Amino acid sequence: MGTSQEVGERVAASAAAPKFRLSRYQWLTLISAFLGWMFDSMDLNLFTLVLVPSVSQLMHTTDAAEISKIGSYIIAGKLLTWGIGGVLFGVAADRLGRSRVMAWTILIYATFTLLSAFSQTWSQLAVAQALAGFGIGGEWAAGAALVAESWPERHRARAMQIMQMAFAFGFLAAALDNLLLGSLGWRWVLGMGAAPALVTILIRFFVPEPQRWVKVRASVDAEPAMQTFVAIFAPGLRRKTIVGVLVASAAMLGCWGGLTFLPSWIHQLSVMASDHRDVGSTVSYAFILMMIGATLGYLTLIWMLDALGRRMSYFIFSVGSLAISLVLFMTVHDIGRVLWLMPLYGYFVIGAFGTFAAYLPELFPTRVRATGQGFCWNMARALTSIGPIAGNVVVAKFGSFPAASAAVSLLFIVGMVSIWLGPETKGVPLDD
């Protein structure tokens, strides 16, 4: 038994120890950002899953080449508006508020995904999907800034990984939507894209702006809108912005090389093996397995980001992404093995995006945080917009779908080098 003095010292030490009890508001910010990003991912991927039946019906053709060409135009337009929307709404989130802009973006992508279901021509479908892209691109920047500024430093990386994990859940939701409603027609599948509109009610009435943003709002309001954007290229932030764009672009372009050609490759392998299973279902199963792996990757990063740091975590996942991509696309020649490797592919290639949820918001001060992280993330996304159109050229250059994917995966090396040019942000308080 200790003396009364020792007991008193322990009580005093306990009382002085910092408490990290999370508030209701902090949980609400995470829940709303999680739901927003999950439905963002769902609406983003719904069209990819119904591309063939929707374009085929609207074009009145079954010609695979024509369907692929028109589909690539629609996807390219959507990716381009995703990039533009991310930058524009990033600036808006710094000036008008994280919660407010996040609610707007969710309402935009939900509305236009729903309107896509009523398209009567492929051009109407293209316009509706492109307009949805503006909202899809803008949601992440606002949501990530909201969580980063609301959660304490000790728990920030964990909270950001939970939010990022929503992307995998959204992809799973899209795949399940297609499996359950696909037999009713592509319009029913896209119609489910209206569901996210309900999240705006939660955000609008229960999630006020973070105090960190409110405190700096006056100085931001005093600046012209263009000045908010130009600020991320000022001497103190220029290097961070460039590094952010490079590491995000390497990961996204390397990922694009696999995901773009995967459905066509699976179809090709099915024909070669005289496999009579439904190709659409096989693709859905492949993506479900991939997202299960991605979820495990995000869970790993909850520990890794704080234990090893942001830069080392990104580097390890980039090395793993390159390795699994080369193994998958250079050594596998049957559908069974493709499906077996999908979880590992998703773990590294999709899981790597979890590093951005923690790293990009920490690179920029509060007054330009959404602008900076939105620019880095969505400039990378805008670069991938050339992918659907350039895809056929890349395949022709390298001779096959897997060879093209393997070649594009070499871009992961750019990220491995670039990440060391930026600062380590682990344990560094957010700058206002």
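Residue positions begin at 1 at the first shown residue.
Using the three backbone atoms N, Cα and C, a Cβ is placed for every residue, glycine included.
Noted in TrEMBL for the protein shown:
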- 29-426: domain 'Major facilitator superfamily (MFS) profile' (DOMAIN)
- 27-50: transmembrane segment (TRANSMEM)
- 70-89: transmembrane segment (TRANSMEM)
- 101-119: transmembrane segment (TRANSMEM)
- 125-147: transmembrane segment (TRANSMEM)
- 159-176: transmembrane segment (TRANSMEM)
- 188-207: transmembrane segment (TRANSMEM)
- 242-262: transmembrane segment (TRANSMEM)
- 282-305: transmembrane segment (TRANSMEM)
- 312-332: transmembrane segment (TRANSMEM)
- 338-360: transmembrane segment (TRANSMEM)
- 401-422: transmembrane segment (TRANSMEM)
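Within the same chain, residues 32-33, 36, 39-40, 43, 46-47, 54, 58, 85, 89, 92-93, 125, 128-129, 131-139, 142-143, 146, 186-188, 190-191, 193-197, 199-200, 203-204, 370 sit at least 6 positions outside the transmembrane segment (101-119) and bring their C-beta atoms closer than 8 Å to a C-beta of that stretch. Counting residues 6+ beyond its ends, the transmembrane segment (401-422) has Cβ neighbours under 8 Å at 239-240, 243-244, 246-247, 249-251, 253-254, 256-258, 260-262, 264-265, 268, 311, 314-315, 318-319, 321-322, 325-326, 328-330, 332, 359, 363, 391, 394-395 in the same chain. Note: the stretches the transmembrane segment (188-207) and the transmembrane segment (282-305) are not in contact (fewer than 3 CB pairs below 8 A, sequence gap of 6 or more). Same-chain residues lying 6+ beyond the ends of the transmembrane segment (312-332) with a Cβ under 8 Å from its Cβ atoms: 247, 250-251, 254-255, 257-258, 297, 301, 304-305, 338, 341, 344-345, 347-349, 351-352, 355, 359, 402-403, 405-406, 409-410, 412-413, 415-416, 419-420. Model confidence over the domain 'Major facilitator superfamily (MFS) profile' (29-426) stands at 85, taken as the mean pLDDT rounded to a whole number.
Two recorded stretches are said to be in contact when at least 3 C-beta pairs lie under 8 angstroms, sequence spacing 6 or more; the transmembrane segment (159-176) and the transmembrane segment (27-50) meet this definition. Remote same-chain partners of the transmembrane segment (70-89), defined as residues 6 or more beyond its termini with a Cβ less than 8 Å from a stretch Cβ, comprise 44, 47-48, 51-52, 55, 59, 101, 104-105, 122, 125-126, 129-142, 229, 370-371, 374-375, 377-379, 381-389, 391-392. Long-range Cβ contacts of the transmembrane segment (27-50) within its own chain (Cβ-Cβ under 8 Å, at least 6 residues beyond either end) map to 74-75, 78, 82, 99, 102, 105-106, 109-110, 113, 116, 129, 132, 136, 139-140, 143-144, 146-147, 150-151, 159, 162-171, 173-175, 177-178, 182, 186, 189-190, 192-193, 195-196, 199, 202-203, 206-207, 210, 280, 283-284, 287. Taking Cβ pairs closer than 8 Å, the transmembrane segment (125-147) reaches residues 29-30, 32-33, 36-37, 40, 43-44, 47, 54-55, 58, 73-74, 77-90, 92-94, 98-99, 101-102, 104-113, 115-116, 119, 156, 159-160, 163, 193, 207, 210, 213, 357, 360-361, 369-371, 373-374, 377-378, 381 in its own chain, all 6 or more past its ends.
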